[in-house]
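Participant: Summarising the annotation, TrEMBL assigns compositional bias 'Basic and acidic residues' to 1-15. According to TrEMBL, the feature domain 'Amino acid transporter transmembrane' maps to 46-455. Annotation comment: TrEMBL describes 1-31 as region 'Disordered'. Annotated transmembrane segment per TrEMBL: 75-99, 142-161, 194-211, 218-239, 259-278, 290-312, 337-363, 372-393, 399-419, 439-456, in sequence order.
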Amino acid sequence: MSTQRLRNEDYHDYSSTDVSPEESPSEGLNNFSSQGSYQRFGESNSTTWFQTLIHLLKGNIGTGLLGLPLAVKNAGILIGPLSLLVMGIIAVHCMSILVKCAHHFCRRLNKPFVDYGETVMYGLESSPSSWLRNHAHWGRHIVDFFLIVTQLGFCCVYFVFLADNFKQVIEAANGTTNNCHNNETVILTPTMDSRLYMLSFLPFLVLLVFVRNLRVLSIFSLLANITMLVSLVMLYQFIVQNIPDPSGLPLVAPWKTYPLFFGTAIFAFEGIGMVLPLENKMKDPQKFPLILYVGMAIVTALYISLGCLGYLQFGANIQGSITLNLPNCWLYQSVKLLYSVGIFFTYALQFYVPAEIIIPFFVSRVPEHWELVVDLSVRTMLVCLTCILAILIPRLDLVISLVGSVSSSALALIIPPLLEITTYYSEGMSPLTIAKDALISILGFVGFVVGTYEALYELIQPSSAPIFINSTGAFV
């Protein structure tokens, strides 16, 4: 299979997924025998509606979920859940827009499948503006650019997450007990700076991304799925117990922190890149809209419940990842380690997307005997780049908010409504639909600008020092 074909029709299974389907990588390689020969109906290895639902759920549940309690704090205990609900409705609407436009071009061009970038390119070619039609190829480049930024941003988040969680587990080792219920004072043993932890992970992650075989990566995906599922069950089991009186929590947070909520929330909801591949692999694609709505309803309920329960449990002490608030007993320290193991292996799956876009550009320009050296060198440099960016922005909450505001808002909120306008405007659209699409894109753009500004401002001039100690309801 050519690299270009992999890029166009397979790797988008992982665009915006924090945990990729364990069987999808190996399936993806077998789905295409030649360009354009993929059959959507009747394939023996097509997915059932239940498998598609599971893949959709796994693709939307990852590190963004763990940052939502802090996001609720930045919006308020009343405004936070309501905003998550509204954002979930808008996000799934934008996903349905993308699927509808992709179907439109599949029928018009008699193609079995178009990906996100191709859909945007064809949408610009249908635009009534001659300038947009002449520059339609930039639509694919724009989507690829934001996809690269998003996925490498995820990788930066993973560096910070791994460093913060391992640092906390190691520093609290001398105070870790087997009793998770008695109040105890946490005594932390100072170790090295979190940036040094990031550097210590660097060589291992470099070796991990040298694995280029999707079948091997599918094994890592399965391991990540298991560890993260077990961790989430244990996390919920803790936060539903002995919730403190919430009367002291603000219903509405200061407006200045709301853009940080937006960045974190859209980071969590940015799963739009996976909807077209999932729909394309279904045995009965007509059922996909229902699966999409049911799956995203479950995801939204999970986001709202964890965000609210986490904030109610830990209050103002909530940190960038809720795992950092868990008690210092071995049971919950194991949750941090399990989730970290899952995140470590998921790094390679997230890295696969930008690698398949960037590496062919360099490999195609060198002699054949240099291809492997250049391939591995580019992979090393990209991992080092994500590590350097994580070191420059070592606060997990700000990294998540910044990535969400910069790139996730473009892919999930800004581009799909504009795509609908360019696709159907020439065929006739109601003024109400145009106004609705314009409003969603404007809201996404405002969130992009204000969220990015606030995240950068907080990074340069923090309003309060980040919390580095473990602080939970189980400790004094």
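A Cβ is built for glycine as well, from the same backbone N, Cα and C atoms used for every other residue.
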Participant: Might you confirm whether the transmembrane segment (399-419) is in contact with the transmembrane segment (218-239), defined here as three or more C-beta pairs under 8 A between residues 6 or more apart in sequence?
Facilitator: no
Participant: Going through 290-312, 399-419, 439-456 one by one, which has the most CB pairs that fall under 8 Å from the transmembrane segment (259-278)?
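Facilitator: Against the transmembrane segment (259-278), the leading stretch is 399-419.
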Participant: Pairs of Cβ atoms less than 8 Å apart decide it: which stretch in 142-161, 194-211, 290-312, 337-363, 372-393 has the most with the transmembrane segment (399-419)?
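Facilitator: So the stretch in question is 142-161.
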Participant: Do we see three or more Cβ pairs under 8 Å linking the transmembrane segment (194-211) and the transmembrane segment (75-99), pairs being at least 6 apart in sequence?
Facilitator: no
